[in-house]
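**Student:** Dumping what TrEMBL says about this protein:
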- 250-262: compositional bias 'Basic and acidic residues' (COMPBIAS)
- 64-223: domain 'NarG-like' (DOMAIN)
- 237-262: region 'Disordered' (REGION)
- 6-30: transmembrane segment (TRANSMEM)
- 69-95: transmembrane segment (TRANSMEM)
- 115-137: transmembrane segment (TRANSMEM)
- 149-168: transmembrane segment (TRANSMEM)
- 198-215: transmembrane segment (TRANSMEM)
């Protein structure tokens with residue numbers, strides 16, 4: 001049973017996450033673009049297009065113009081999430097010694113790592129609670145919110161809260177054991193970490209999130225990049241030649257099975 005829970009299921013979740021995400025993005029790029037999507041004024045140079053895309057990706061410029069409160073909460077959420085993901089990779093792989101490269105001692109590095117991780121976790125939980133309350137207290141927004149929107153917020157809140165809970169005394173994970181377990185996954189010979197109820201709960205929720213993510217609205221980040229690229233590209237040429245489809249340049253290649261439907 002331990003081999004299934006700590007070996008097969010995590011690998012299956014990660015594999016499904018990457019494969020399903022790639023397929024969904026590819027499906028977006030294969031779809032026809034029959035109407036002009038380009039917004040003007042728009043830069044015709046690659047550097048200008050990259051600057052616009054980076055502004056949306058890192059600063060949420062459009063959201064900033066539309067709703068400052070929502071922008072602030074969303075930006076805090078995504079910033080704390082980025083810090084947490086980076087902390088997971090560096091903190092576990094280097095056993096919280098990532099700041100020794102900046103001249104800190106191992107003890108100081110571990111303290112900085114724990115502090116930043118705790119602050120990022122608290123900010124993420126707080127921003128999710130604020131976003132949840134915003135939907136709950138706004139009558140019109142509550143009416144327009146689908147059940148899956150509430151589910152997404154609660155799922156993210158559960159993952160973040162269980163991770164933050166491991167800062168409580170008695171629930172600290174054994175990082176060397178966790179690193180050994182992760183390394184064993186790549187050898188297909190899983191070595192389960194020491195029992196920790198909160199770590200097990202956090203791992204289960206995170207695994208479910210990985211499986212659920214590609215099929216949910218949480219894929220909006222990748223979708224926003226695809227949409228932003230289409231808004232900045234040259235418009236399709238009309239009338240469309242008989243041997244060409246009114247597609248985005250991303251999808252010059254026909255989707256599988258398309259020829260058979262013609």
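Using N, Cα and C of the backbone, Cβ positions are placed for all residues, glycine too.
A quick note: this is a predicted structure, and the numbers were derived from the prediction, not measured.
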**Student:** Which one of these stretches, 115-137, 149-168, 198-215, has the most C-beta pairs shorter than 8 Å to the transmembrane segment (69-95)?
**Tutor:** 115-137
**Student:** With CB pairs under 8 Å as the measure, which of the listed stretches 6-30, 115-137, 198-215 comes out on top against the transmembrane segment (149-168)?
**Tutor:** 115-137
**Student:** Within the domain 'NarG-like' (64-223) only, compute the mean pLDDT.
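**Tutor:** In the predicted model, the domain 'NarG-like' (64-223) has a mean pLDDT of 92.
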